[in-house]
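Per TrEMBL, the features are as follows:
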TRANSMEM  6-27  transmembrane segment
TRANSMEM  60-81  transmembrane segment
TRANSMEM  93-114  transmembrane segment
TRANSMEM  126-149  transmembrane segment
TRANSMEM  155-183  transmembrane segment
TRANSMEM  246-269  transmembrane segment
TRANSMEM  289-306  transmembrane segment
TRANSMEM  327-347  transmembrane segment
TRANSMEM  367-384  transmembrane segment
TRANSMEM  391-408  transmembrane segment
TRANSMEM  437-455  transmembrane segment
Amino acid sequence: MERAEAYGFCGAVSGAFLLSCLLFAAVSRRQRAPYMDEVFHVPQAQAYCQGRFLQWDPMITTLPGLYLLSVGVVKPAAWLLGWTGSVVCSVGMLRFINLLFSAGNLYLLYLLLLKIHQKNKAVSGFQRILSALTLATFPTLYFFTFLYYTDPGSVFFTLFAYLMCLYGNHKTSALLGFCGFMFRQTNIVWTVFCAGNVVAEKLNEAWKTELQKKKDEKISSKKGSFSDLTRILQFLIKYLISPKNIVKLTALTWPYIVLVTVFFGFVFINGGIVVGDRSSHEACLHFPQLFYFLSFTVFFSFPHLLTPTKIRKFLLSLRKHPLQYGIITVIFLFLIWKFTYVHKYLLADNRHYTFYVWRKVFQRHELVKYVLVPFYVFAGWTFADTLKSKSIFWILMYFVCLLAVTVPQKLLEFRYFILPFLIYRLNIPFPSIYRQLLELGFYIVVNAVTFYLFLNRTFQWENSDEIQRFMW
């Protein structure tokens, strides 16, 4: 990192943290008491603060990583600063933990951009800082910086594990992956993703060697053809059935294998992935979740994905391969027809964006979910097109992890899309500064609207005296 870039990044971090502190103060003044899921998280953390580690709220569905870390931070800080009484592990103090995670996420996002795009010498320090700031203010994540939720910590440990994986520190990566798992069980998928990065790298090296032997074209020119995909799958099977290759890959990825084994042991002992209340978190094959994620990604990355050039390229591809797109469309229609689920929370809770998206769009008519299929096809194409700089094995590995983290979820919840979106966004090529500024501006507007609604547009339910607030 050059000195000017280092100074610029320090200034950006300081400025972002100061603004977040001011917003944190505003949120804390308006909403002093625990709100939404905080009514479960805050008392649980306070019980741990008082040494009652055997107490557990059965409504909590995640492991106690957030509460254990909170006690590990707040208790020493209280001792050093002489804090006593109710201020220790107060609502504000616990929420402040996520403000620290947010600053850490900004730093990790910058380091990941630096590492992933290190070979691209055309990228300036300003672009890296701008992209890191943009992703750190990603609306669905940034909002929960100011409440005591698991999301900022979950993202922090997962991104940290990914960074260590990219630097080859796989033991550290697996340990950080375990911390992420303790915040949210589904983060085990991103441990598999880290292992998949190692495997994809070795597969890509072997594939290039195979092509060199056959004096064929480079792998980057082989994407998109069905015959080429068949050949790649044949190579993949041949590579993975070799005992020598399996031993080599196992030696590289054993820390992740150990963690995944621990996860399966937990699932066996626990009787499922969810702890606490399982009635509202039943796993199912909800394939349209993938389409919702693609739409979500196009919405928040429209400066990169929804451009005239992209649309023209898609229409050209559609004209060249009508049969392939026809088959894909039929598959999408079938998946929507047979595998669409509507969670009771989605229909009942009018405090979230998803409630209004579902009511204003999907509930207008029974056919709306089918009418949207052409857009889903385009979203899938433009999503994949931006990843064409990655190896085919990395793309396959990421897609498998994306399916694993989205499809089993019955509830349409935008928070579940945070990590797959960030990992996708980190790995696409750097856009122009104009598009980056447009993206940042859009995030700022969305955040401003959301916080304005949360702070100022309160309402009440007919059967409750409690003040309700609109949120993600």
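Placed from the backbone N, Cα and C atoms, the Cβ positions cover glycine too.
Between the transmembrane segment (126-149) and the transmembrane segment (246-269) there are fewer than 3 Cβ pairs closer than 8 Å, counting only pairs 6 or more residues apart in sequence, which means the two stretches are not in contact.
Ranked by number of Cβ pairs under 8 Å to the transmembrane segment (367-384), the listed stretches 155-183, 289-306, 391-408, 437-455 are led by 289-306. Long-range contacts of the transmembrane segment (437-455) within its own chain (CB-CB distance under 8 A, at least 6 residues past either end) are made by residues 23, 26-27, 30-31, 130, 133-134, 137-139, 142-143, 300-304, 431, 469-472. The stretch from 6-27, 93-114, 155-183, 391-408 with the most CB pairs below 8 A to the transmembrane segment (289-306) is 391-408.
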